């Protein structure tokens, strides 16, 4: 155990019998840009596709799965409990427990943590965690005026009464209402927050574009070198006329100069955040199979790796709302009993290049550590040779609830290729939330 952190905060994630919690396997759909390959596939179907592929890949007896915890950020009213629909749609035992959670962009870190805690408590032996989201199949709402009028119409008895109510509606009242993109509590969007963070922390347009170019270049190389294919299923969504076996957002011919051509997306005059240095709206799903180390051995599985620790944070939503990794990571490192320098790999969710680079700066800031974290010194400067080595969300895309599981799968597989070690996954999330998880591979 490292002496550089407070060892009194070390919290081993084990069962009562001392078994670690193993990630036996993981899989995901290809991630598709909004309105492309999965344009008519709702999140619940993406979730079913993913979990069924995971069950087929591991050849697990469906009766052995005790629990499914799944997430969806953009909720569909007709299927509010995506986890239960997945159980019912994939051939699992009808008695399999299932519930859904949401933690914005950190959702599948939360579903993983929930399954880990259930295994530690002894309430389940085997669980599936993950998430799916569609930015193409969205719940399009109606105005409050139209909603109240439709309700009143259902209670009228005469044609005159109905017409009288309908006359009160304007064209604005009957226009569709798309899902909100701004924070409910502040009215500030994620993109606006990224702009604020770029200005507050001195992140230049050139630095943001360089990170985006790096992300695409590394992701393209990872696919070209055959490092990603085995964790991505071939998806045949209904009506089964097309299929997809790769992420379709990655720029395989990325050129740094091309990024400078785009106009800022959120602050047209003075901004630096563009569509190219931000993660795109994306469709996809990802899932993990978890169980105790002992149970994995009994069933003949060789685990991908183990969950060493996790931590979640919550901060103010008015300023630096996407700084969650800088708050959650020190807690996760403490709970794992390690320091930043002990890590073999660091994978940070790239919601925006500005947000990512702001967090990278704060990891190394003693001032931030003292004033915001109450710590004597910073956790340390990130070794960029360890950072997002296969590219990040700017390249792969970001189906909100699936990103955490993608990162876990990708990091564990890369650690195994490197002969083992410790990896950090961390993400910001809407609402000022953050997540960090330490992974271990022998």
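Keep in mind that glycine also has a Cβ here, set from the backbone N, Cα and C atoms.
For residue 105 (active site, acyl-thioester intermediate), the count of additional Cβ atoms within 10 Å of its Cβ stands at 30 [all protein chains shown]. The active site, acyl-thioester intermediate annotation in Swiss-Prot covers 105.
Annotation source Swiss-Prot lists active site, proton acceptor at 398 (among others). A strand conformation is recorded for residue 398 (active site, proton acceptor) in the three-state DSSP classification. Sequence-distant contacts (6 or more apart, same chain, Cβ under 8 Å) of residue 398 (active site, proton acceptor) comprise 31, 105, 279, 280, 281, 282, 349, 351.
Annotation comment: Swiss-Prot describes 428 (among others) as active site, proton acceptor, evidence class sequence analysis. Cβ neighbours within 10 Å of residue 428 (active site, proton acceptor), excluding its own Cβ and spanning all shown chains: 36. Secondary structure from DSSP puts residue 428 (active site, proton acceptor) in a beta strand.
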